[in-house]
Structures are given as C-alpha cells and as structure tokens.
C-alpha cells in the first residue's frame, strides 16, 4: 500500500474555501487505497533526528508555504511535494515574473518589480522616484500587488497617481506594479497542473469586483483548453519547478491567455466542486 504524509498549515482552517481540503484528500485516498497521515506544521520538531519523526513514509505532500521547513525536511532525505525551490519560485510573485521573463514565448503582464523596503515606511524621495518610474513604464490604471498574498488579498486597482501614492504608502512590504488588463476585468482562467499534466481548468468571472478570485465572490465554470494552451500551462509548471500548481491567466485583447501568477499550494476544494470531480485523486495517483 502506498503511504503518503500530508503536512498542512492549521492557521488556514478558518478560511471557508480550505475547510474541506483534508476531507477531499481522505476521500481520494480511500478510493485509491492509499494510506494518508496528516500533520500540522506544528507537529514537526526540527530539533529531532529523522528516525524520531512521526512520518509513515519518505513522501510528504507539503500543503504549506513554509519554505524553511520544506528545506529542512529535504535536508533530512524526505521527498517534499512541492519542493522548497518550487514553493519559493511561485510564492513570491516578483520572483515568479522574473523567472517567466526568461522565456519570451510565455506572454505575461507587463510587470515592474518594486524595491525591497524591509517593512519600513517609504522614504518620500524614493517614493517619488518609484512613482515616476511607474508612470514612465505604463499608463493608468495599474495594479499594485504585494509579492506575497493569496485569495486576491493585497491586490489594489489604482486609477490615477493619487490612488497609487496612497496605496504604496500603505504598503510596508515589497510590491509589484502591473499594467491593468482592462479587457479581462473580473475574468481569468485557473489551470491546475499535476506532474506535467493538466487535470482541470476553470473560467472564473466576477461582475462586482475587478478580481476574479472565487474567494472574492467570483463564479466559475469548466474551461476547455486547446493543446497549445495545455502545453503552455505545463511549460510554466516546469520552469517554476512545481509538481502541482494552479496557474492563473488573464485574457489579452485577442482572447489569448496571458500569464498572471502561479499558486504553489493550490486549493482543490472549490475547483473540484465546479468540475464535479475530486481533483485530489489525480494528485495522489501522481505521487
């Protein structure tokens, strides 16, 4: 019998979209006759030797973004899915776009990387310098995002310089600034990739918000990718070094897909609901 450890962050439990994630995995494991054992990140004591850790096998499905913990597990010989490198590549949105920029055939949103301000307030002079750089690089409206964030949080639409300045002044962490894709307002495509294979795609729309996150009230329906689009999603998962992920695309003016961001800890519950299938089955089968 295949045995897999699952490590998750209990801090996410109150979030409604994540409540059924463990149950989804349990249901899949029963169907596949796979033994799963669940651990929170707090259950792992990094002062202990490998032999004293409570794991049932060498494989760990790591449903957290704790890069240091993932790296520690890898250093002790565990196979961690996703790897610490993959999580790091995808969790930092600025780093994700820097990696994708190495591949010109992957169309992505025009993205300006903000300076690292080390959780300090903006120096007024440097804020002016950055705003001028933004204005020289793209026209309003623009999107300001924290390099870290999920569920559409810490994402702001700035219609003019006044809103941009106010938004940046409220940030105490690194941000990226992106051209606003007006033709894709409240609309995106989420593609789920497991082990270099597309296992599902959703078209999400939100009529009341520029963000198309399901957590922000968006609706979703199955989206059918053509072969070229499938290959694009798989290529992105490969260059990001991810075993499984959710890749978000926007629509360009010609309705082609343009890379937005990638989630290394994609939540399968709502996607499974809209696709009427348990996506965790494909994930566990692939491990």
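Just so it is clear, glycine is given a Cβ too, placed from its N, Cα and C backbone atoms.
As given in Swiss-Prot:
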- 115-287: domain 'ATP-grasp' (DOMAIN)
- 145, 178, 179, 180, 181, 182, 183, 184, 185, 186, 187, 188: ATP binding site (BINDING)
- 248, 261: Mn(2+) 1 binding site (BINDING)
- 248, 261: Mg(2+) 1 binding site (BINDING)
- 261, 263: Mg(2+) 2 binding site (BINDING)
- 261, 263: Mn(2+) 2 binding site (BINDING)
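Around the Cβ of residue 145 (ATP binding site), a 10 Å sphere holds 23 further Cβ atoms from the protein chains shown. With every protein chain in view, the residue among the binding-site residues 181, 183 whose Cβ has the most Cβ partners within 10 Å turns out to be 181. Note: the CA-CA distance between residue 187 (ATP binding site) and residue 261 (Mn(2+) 1 binding site) rounds to 14 Å. On its own chain, residue 179 (ATP binding site) has 109, 110, 111, 138, 139, 142, 143 as residues at least 6 apart in sequence with a Cβ closer than 8 Å to its own Cβ. Checked against residue 261 (Mn(2+) 1 binding site) by C-alpha proximity, the binding-site residues 145, 181, 183, 185 yield 145 as the nearest. A Cα-Cα distance of 15 Å separates residue 145 (ATP binding site) from residue 263 (Mg(2+) 2 binding site). A straight line from the CA of residue 183 (ATP binding site) to the CA of residue 248 (Mn(2+) 1 binding site) spans 16 Å. If you measure from the Cα atom of residue 181 (ATP binding site) to that of residue 248 (Mn(2+) 1 binding site), you get 14 Å. In this record, ATP is bound by 145, 178, 179, 180, 181, 182, 183, 184, 185, 186, 187, 188; the longest C-alpha to C-alpha distance in that set is 19 Å. Candidate binding-site residues: 248, 261. Fewest other C-beta atoms within 10 angstroms, 248. Mean model confidence for the domain 'ATP-grasp' (115-287) is a pLDDT of 91.
Comparing residue 248 (Mn(2+) 1 binding site) with residue 263 (Mg(2+) 2 binding site), their Cα atoms are 8 Å apart once rounded.
Of the binding-site residues 185, 187, 263, 263 has the largest number of other Cβ atoms within 10 Å of its own Cβ. Of the recorded residues, residue 185 (ATP binding site) and residue 263 (Mg(2+) 2 binding site) place their C-alpha atoms 20 Å from one another.
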